[in-house]
Amino acid sequence: MSEMVDLKEFLAELGKTQKELKNVIEQAKDIGLELKTNSKMTPEEANKLYKYIVEGIKEQIQANQPAKNPEQDNKDDLNTAVASKPLNKKVSKTPKKEEKSQPKPKKTKEKKKEAPTPIAKKKGGIEIVNTFENQTPPVENNPKVVSHSQIEKAKQKLQEIQKSREALNKLTQSNANNAKKEISEVKKQEQEIKRHENIKRRTGFRVIKRNDEVENESENSVTESKKPTQSAAAIFEDIKKEWQEKDKQEAKKAKKPSKPKATPTAKNNKSHKIDFSDARDFKGNDIYDDETDEILLFDLHEQDNFNKEEEEKEIRQNINDRVRVQRKNPWMNESGIKRQSKKKRAFRNDNSQKVIQSAIAIPEEVRVYEFAQKANLNLADVIKTLFNLGLMVTKNDFLDKDSIEILAEEFHLEISVQNTLEEFEVEEVLEGVKKERPPVVTIMGHVDHGKTSLLDKIRDKRVAHTEAGGITQHIGAYMVEKNGKWVSFIDTPGHEAFSQMRNRGAQVTDIAVIVIAADDGVKQQTIEALEHAKAANVPVIFAMNKMDKPNVNPDKLKAECAELGYNPVDWGGEHEFIPVSAKTGDGIDNLLETILIQADIMELKAIEEGSARAVVLEGSVEKGRGAVATVIVQSGTLSVGDSFFAETAFGKVRTMTDDQGKSIQNLKPSMVALITGLSEVPPAGSVLIGVENDSIARLQAQKRATYLRQKALSKSTKVSFDELSEMVANKELKNIPVVIKADTQGSLEAIKNSLLELNNEEVAIQVIHSGVGGITENDLSLVSSSDHAVILGFNIRPTGNVKNKAKEYNVSIKTYTVIYALIEEMRSLLLGLMSPIIEEEHTGQAEVRETFNIPKVGTIAGCVVSDGVIARGIKARLIRDGVVVHTGEILSLKRFKDDVKEVSKGYECGIMLDNYNEIKVGDVFETYKEIHKKRTL
């Protein structure tokens, strides 16, 4: 007798709950099976009820159904399966998968001892058993129509299957004893598996497949040697190990702070996802081996849907991540809300660590936002740091070298400051043969010590007489030939206003000749010239001029130079002291020979091939020729027709003239000439670079002009807290707006620097505009709105139209030919605007001996003059116990009853102050006068 199936076990295999028990009982009534809550049923009844619930195949159960022939059962099952097969199941070409047969009762009994497994489908020796709890019955589909030929083929196949079953029964009987012993072990393993399935379960089917018996006897003998129960136990063991590995992985994941996922057992849904590969990890197992007794078949259709859901979920996650990155919205973060400040702080720290690893190349003058970009810093942090340091800047302001170093220290950066001019200059050609070049000699010294006169004597010219005031106010360059060798001389001004000119001359020179008057000695500009030469690291030769005068003392001059660290050769030093006379010409040849010897020692050489590189010594505007510049070539060759640029000026060389007024075609290293063809007057000291064509020259000049314009705008807006407070406090600050026009760039620069040095806390000169050339109407319009504006012209004269416009605008134009006069007049103008210095002069002192209160008059103090003279109307301080209690004027002074103008020391007098009566005995009167003195600049 077969073992009865309990209704509760049946519900567990169907995946039904106790709440759905009534539905199952009603469905059992539909097929003629009366059930109650604790009822039991036979395996045949359970099989038919399972078919009806799961597949919708309705088979009526009769009350005392007689036993049927197995062959007849197989035929009936086949007909039923063919007639009721759902439309969604495709009919296979092989009759093995179309027919259904019922296993022998003995095997079924053994299986029921393991677990209640109602039979769902039977296909040619294959039993499909539902082993999952959450399985829902599929929707019943309309049956397909099957042809008679297919039925006949199925019947033939059924006979073959019957033969296989007979052989299988023999094998089962022989192994029955061994199977009973292993059933208990299999049950324990199955219970362990069910425990894991209750934790994590996916919908699916477990298909128990019996091996088909091979038609030939040799294959049948091999099949008989197999033990199905042993194969099942091995599979259970593998599954157990896999679940243990899964538990370990889940335990590791549980340690991470992630959202806990709900297990399928916690849900009472009627529909569930089917996930075989992820839940049981069957991908790595060969479960489709024909020799195994128990395999799993997957519902691939459901798996595809699951994969699509996973792909859609991944796509949505990617879109959310992209939106979150673009918007930087913390609410888009699915992992939870995080503080935005923490992200910024971590990001900034990472950048700082990257920056520290290598040095950053920063231009010498860089804008604030450019510094932030190069240093990979936040612009707001840079501006905030400068603000805390007392510097108010915007992102477009330029930073000087000191500010860059401060920022580098604040942000712990390693920087290397680069020269700003390097990107605008063309690299010097290194290839080529270096040839000997003439020495460049700069003549420097104090004003009126005879520098230009000495050079005139060397050149046999008289340039000093052509200079206004007999002093040099422009830098001059000349070429002199001596013994077949050329020497280039640069004459620099000696006046203190031309310090920049002397500095430029020292930068381009090879040898410096310091001219000192033997009758005057070392002066201030002499020391300055020596400092320029020392900074340029060039050898110095001293020329002791005016040796023709009587009572000169060259030893005194040498001693003064020795105190400065320049010892003569005849005193054991390194410097040559040559006595010369610019008036008589004595010592000129000796001076030239000394210069040539020094040049031979230095071995001066330069490359003549390639693009020219020259230095602008002076620039001016000449009538008929436009902007001109005096240049000295350092390397390469400058020829007529060459394109060039110098700072903001560019052009093509039209003509070149030497110091003798002769036209030349080529200018080689150490040669000087006056060139024309410039777009504007280049700044003195700028570097002239030869380029291939006009386009490159124009582009480089425009880049430099843009840079300088932005730099000027930045400097005009940049102000510190200290300067701002001074501007607020000094509301009475007086400015004199001026426009400066000069004939040359060097003179213009000297005038500007000299005037700016006159500025002080009370008055200042504001240079609105400066330029080289004549005074124009545009210059007048710049200062027409100011009451005290002045236009200063140096070595230029205004035209008739300009004079008329100046009268119309009420603008003062002043012209000068000597820089002394210009600076002194501007100094006097500033002094007139400044308030005088007030000094006090003590005049007398008197002690109060008695006080008299007179009605309608006031208090009169009876005093004795102890020092000086007390005068009427003079200012006095009333001192009590060493503290000044009142300051005012003496309104009345009497000697007894008479009014007097003053009282001398030792006499008594009566003193009454203006509007003050709180005088007490013992007070002291101290009188004084205020003296106004003019300030000096």
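Cβ atoms here come from the backbone N, Cα and C positions, even for glycine.
Marked as region 'Disordered' by Swiss-Prot: 61-156 (among others).
Residues annotated as region 'Disordered' in Swiss-Prot: 171-274 (among others).
Sequence annotations record features per position, and here Swiss-Prot assigns compositional bias 'Basic and acidic residues' to 179-196 (among others).
The compositional bias 'Basic residues' annotation in Swiss-Prot covers 197-208.
As annotated by Swiss-Prot, compositional bias 'Basic and acidic residues' applies to 237-252 (among others). According to DSSP, the compositional bias 'Basic and acidic residues' (237-252) comprises 16 helix, 0 strand, 0 coil.
Swiss-Prot lists 436-605 with the feature domain 'tr-type G'.
Mean pLDDT for the region 'G1' (445-452) in this predicted model: 77. The feature region 'G1' is assigned by Swiss-Prot to 445-452, with similarity to another entry given as support.
Per Swiss-Prot, the feature GTP binding site maps to 445-452, 491-495, 545-548; the stated evidence is sequence analysis.
Taken from Swiss-Prot, the feature region 'G2' covers 470-474.
If you look up Swiss-Prot, you'll see 491-494 marked as region 'G3', on the strength of similarity to another entry.
Same-chain residues lying 6+ beyond the ends of the region 'G4' (545-548) with a Cβ under 8 Å from its Cβ atoms: 449-450, 454, 515-520, 554, 579-584, 586-587. According to Swiss-Prot, the feature region 'G4' maps to 545-548, an assignment based on similarity to another entry.
According to DSSP, the region 'G4' (545-548) comprises 0 helix, 1 strand, 3 coil. For the region 'G1' (445-452), the DSSP-based tally of helix, strand and coil residues reads 2 helix, 1 strand, 5 coil. Here the Cβ of K451 (GTP binding site) has 28 other Cβ atoms within 10 Å, regardless of which shown protein chain they belong to. Taking the Cβ of G445 (GTP binding site) as centre and 10 Å as the limit, one finds 28 other Cβ atoms among all the protein chains shown. The number of other Cβ atoms within 10 Å of the Cβ belonging to D448 (GTP binding site), over all protein chains shown, comes to 16. Of all the Cβ atoms in the protein chains shown, 31 others lie within 10 Å of the Cβ of T492 (GTP binding site).
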